[in-house]
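For reference, the structure discussed in these notes is given below.
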Amino acid sequence: MGELRFKHLFWGSFVESGGTFQTVLIFLLIPCSLTVDYRAAPILSNTTFLWIWNVPTERCVGNVNDPIDLSFFSLIGSPRKTATGQPVTLFYVDRLGLYPHIDANQAEHYGGIPQRGDYQAHLRKAKTDIEHYIPDDKLGLAIIDWEEWRPTWLRNWKPKDNYRNKSIELVQSTNPGLSITEATQKAIQQFEEAGRKFMEGTLHLGKFLRPNQLWGYYLFPDCYNNKFQDPKYDGQCPAVEKKRNDNLKWLWKASTGLYPSVYLKKDLKSNRQATLYVRYRVVEAIRVSKVGNASDPVPIFVYIRLVFTDRTSEYLLEDDLVNTIGEIVALGTSGIIIWDAMSLAQRAAGCPILHKYMQTTLNPYIVNVTLAAKMCSQTLCNEKGMCSRRKESSDVYLHLNPSHFDIMLTETGKYEVLGNPRVGDLEYFSEHFKCSCFSRMTCKETSDVKNVQDVNVCVGDNVCIKAKVEPNPAFYLLPGKSLLFMTTLGHVLYHLPQDIFVFPRKTLVSTP
């Protein structure tokens, strides 16, 4: 196998519409942030951004012909029911306690609705299940996947409205004299109180038994910004849904991890709507993470899939990775969980296809975005915080500059990064990103990145950028008189095309 070179052209616009001189002078004008923005501290040392693998690919790992390279993933766990003692534990409905719910065939389990559930029996069974699936209290993620009903009454729309109907019927059976309006109001109160009791109590039990696990619910928070058919779709979370999330303050305060999802359907393939959809779901998760304590937010781990939910044989393209992974990293979260069903590795030729996709598409992008994020964190935050967009709505990403860096896949199957950072790369970070300090750390944003001399960042199995920061090409003029130098520089910049630093968002893979 020869070497493969991945020329990542994801970097986005370096020069904006304000004029080329703005690029030269803006870094002298940017003030230090007057307010501190916080993010959750890393759960693993030297790991600004955490990659988590939650796909049942055991049969692919170690396969001599088509090994799956998981060296970039710090936490690996299978969602199989037989898997125990993993750093990532996913509790489905049948794996944690006696969760009251109604199945797709309308059969009621453990009371059906939470008001009829046996809470104490649920806790006893949940204790046994937690001790079974997490036998030791080691650091890890504990995600509860309860999707049958939602704790907010009004969010139980069709087909979940059977929970509302049965709740009203329960009230009417014990209070026949109530009007439908009165019965509905009482049903809302009973349902939401019982739902909260089950969800909040289960979190408290988990934290008591396994305090080193980060406990939370899959799909929480959500903001239902999925009306893609609206011609005015802008991705923003509806105000009413943000208000409903505010009313779930008890849930955010009880959670030690937040696990929103940004799975894509085929209609969002290489689509601007996907960018907006992911962006504002993550923005809402960041907002919610600070409800309990703005200076000590809850860590956010965003669920993604490598395939489209309604076309599971089709993998995400490079643009789709930017729309998901690129957005998540640029906004400043704790990590990404890649999940999928057993079919991903069990289809005919599933392992070879997954292996090739990871080798040529996913892993090179992980190398790219992780090293860029670490470089930015090291430059702006002295590794005491993570970089996040100054303006959340801007289309800027934490990517290596394709003019200066190549990512190579060597004959040994390892990745190597060629190239050195330049001052302009660091200035790009400083212009478009701010330092969001890690909680419980004293953090001050670097005011002048021109003073940064070295970059030393690594990812995975020793894939690193360790280099001196090179000056921008213009500085090689070494002017004898500053006025002559600035006149010459201004003349050169004036005649440069406005899009000189605008790169297409595609990846070129070539064999030298």
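Keep in mind that glycine also has a Cβ here, set from the backbone N, Cα and C atoms.
Non-local contacts of Glu147 (active site, proton donor) by the CB criterion (under 8 A, 6+ apart in sequence, same chain) comprise Val93, Tyr218, Leu219. According to Swiss-Prot, the feature active site, proton donor maps to Glu147, an assignment based on similarity to another entry.
The disulfide bond annotation in Swiss-Prot covers Cys60-Cys351 (among others). DSSP classifies Cys351 (disulfide bond) as helix under the three-state reduction.
Here Swiss-Prot flags Cys223-Cys237 (among others) as disulfide bond, drawing on similarity to another entry. In the three-state DSSP scheme, Cys223 (disulfide bond) falls into the coil class. Note on Cys223 (disulfide bond): other Cβ atoms within 10 Å of its Cβ, all shown chains, come to 22.
Within its own chain, Cys376 (disulfide bond) has Cys387, Leu398, Phe429, Phe433 as residues 6 or more apart in sequence whose C-beta sits under 8 angstroms from its own. The disulfide bond annotation in Swiss-Prot covers Cys376-Cys387 (among others).
Annotated disulfide bond per Swiss-Prot: Cys381-Cys435 (among others), in sequence order, evidence recorded as similarity to another entry. For Cys381 (disulfide bond), applying a Cβ distance below 8 Å and a minimum sequence separation of six or more within one chain yields Cys387, Cys435, Ser436, Cys437, Cys443, Glu445, Thr446.
If you look up Swiss-Prot, you'll see Cys437-Cys464 (among others) marked as disulfide bond, on the strength of similarity to another entry. Counting every protein chain shown, 15 other Cβ atoms lie within 10 Å of the Cβ of Cys464 (disulfide bond).
Of all the Cβ atoms in the protein chains shown, 9 others lie within 10 Å of the Cβ of Asn46 (N-linked glycosylation site). Residues annotated as N-linked glycosylation site in Swiss-Prot: Asn46 (among others).
As annotated by Swiss-Prot, N-linked glycosylation site applies to Asn165 (among others), with the evidence given as sequence analysis. Taking the Cβ of Asn165 (N-linked glycosylation site) as centre and 10 Å as the limit, one finds 12 other Cβ atoms among all the protein chains shown. Following the DSSP three-state reduction, the secondary structure of Asn165 (N-linked glycosylation site) is helix.
Swiss-Prot lists Asn293 (among others) with the feature N-linked glycosylation site, giving sequence analysis as the kind of evidence. Proximity of Asn293 (N-linked glycosylation site) to non-local residues of its own chain (separation of 6 or more, Cβ distance below 8 Å) is seen for none.
Classification of Asn368 (N-linked glycosylation site) by DSSP places it within a helix. Sequence annotations record features per position, and here Swiss-Prot assigns N-linked glycosylation site to Asn368 (among others).
If you look up Swiss-Prot, you'll see 1-35 marked as signal peptide, on the strength of similarity to another entry.
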If I take the Cα of Asn46 (N-linked glycosylation site) as reference, which of the recorded positions Asn165, Cys223, Cys237, Cys351, Asn368 has the closest Cα?
Asn368
Check the Cα-Cα distances from Cys60 (disulfide bond) to the recorded positions Asn165, Cys223, Cys237, Asn368, Cys464 and tell me which is shortest.
Asn368
Counting other C-beta atoms within 10 angstroms, the emptiest spot among the disulfide-bonded residues Cys60, Cys237, Cys351, Cys435, Cys437 is Cys237
Once the DSSP letters are reduced so that anything not helix or strand counts as coil, what is Cys435 (disulfide bond)?
strand
Cα-Cα, whole number of Å: Asn368 (N-linked glycosylation site) versus Cys464 (disulfide bond)?
11
How many other Cβ atoms sit within 10 Å of the Cβ of Asn368 (N-linked glycosylation site)?
28
